[in-house]
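J.: Encoded as structure tokens, here's the structure I'll be asking about.
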Amino acid sequence: HSAEMFALLLYCFACCCSLSSFAFPIQDERNDRPIIVLLAQELRSPSPGRSSYIAASYVKTESAGARVAPVMVNQTEEQYRALFNSINGILFPGGGVDLVTSLYARSAKIFYDLAIEANDRGDYFPVWGTCLGFEELTYLTGELALVTQNDMRDAALPLNCYRSVEAKESKMFRDLPAELRKALASESLTANSHKWSLATSSYDAHAALKKFYKVLSTNSDGDLEFVSTIEAARDYPIYGTQWHPEKNAYEFTKAYVPHSPSAVRTSFYAAEFFVGEARKNRHGFGSEAEERKALIYNYSPEYGRPNGTFVQIYYF
């Protein structure tokens, strides 16, 4: 009888584990299973079965302890809202589409507005924009395309992190190790690949933008001083870098991208920071089946073309 009872207990334990497999516990102050979504963007030359893409280097934000789901272009606002209510943060990647008229811009605006609404009601939801995503954030906040053309498509630069004392006290940089802070200020650790920039003069002249964002760092192309890192000035967890944190660890197709130990630590610091922000959000999918269907693991990356921009790419 004792053997039968033990077997019954094992069976009950297995059933309980099975039934509760999706209901993973969320700590009182932390969600240790965050899911971050990445905006896909349309291809300039689509082909059958391929109309949009995401560079795999952004997906590897998962290395900091998150999972990733793609945001497909050209879905309905209702679909985007349902996805928003299921995930814990969003990243607007870099790219080359229009800030105003592209499908990327459309989905970015929907998610940006949802994030503002959520944070206004106390639902902590982080947003990060890289390069084009940074520019998109400034457009969405300022309601005006303020970027100035300049050529910083193949440059690694140190950060001028000391425009104000707020930089050292910012959420993004306040936990930056002293050694890495020193390296970022003195070594060329940030990969720049953009032909448009937000001039510091444009930022200073735009009241709404200046009120919403703190400037954490600036850079210069020799003629134009531009904003390179921003953080929302209020309690909104919204962040932007004109430079590419993800490239240092994962993109090896261009010689200008730095891969030194300090450069790679910069990649991981940025990823860990943003995933840490996503851990503060409690959204979740209604079922394990819905969650599995949404994740990037349903797709396979392809090896990028020789001399291309990305080592790996997801096509949709």
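Placed from the backbone N, Cα and C atoms, the Cβ positions cover glycine too.
All annotation found in TrEMBL is predicted automatically rather than curated by experts.
Annotations per TrEMBL:
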{"type": "SIGNAL", "residues": "1-23", "note": "signal peptide"}
{"type": "ACT_SITE", "residues": "Cys131", "note": "active site, nucleophile"}
{"type": "ACT_SITE", "residues": "His244", "note": "active site, proton donor"}
{"type": "ACT_SITE", "residues": "His244", "note": "active site"}
J.: How many Å lie between the Cα of the residue listed as 'active site, proton donor' and the Cα of Cys131 (active site, nucleophile)?
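T.: With the alpha carbons as reference points, the distance is 7 Å.
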J.: Sort out the sequence-distant neighbours of the residue listed as 'active site, nucleophile' for me: same chain, 6+ apart, CB within less than 8 Å of its CB, listed by position.
T.: Pro93, Gly94, Gly95, Ser193, His194, Thr241, Gln242, Trp243, His244
J.: Please work out the number of neighbouring Cβ atoms within 10 Å of the Cβ of the residue listed as 'active site, proton donor', leaving out its own Cβ.
T.: 26
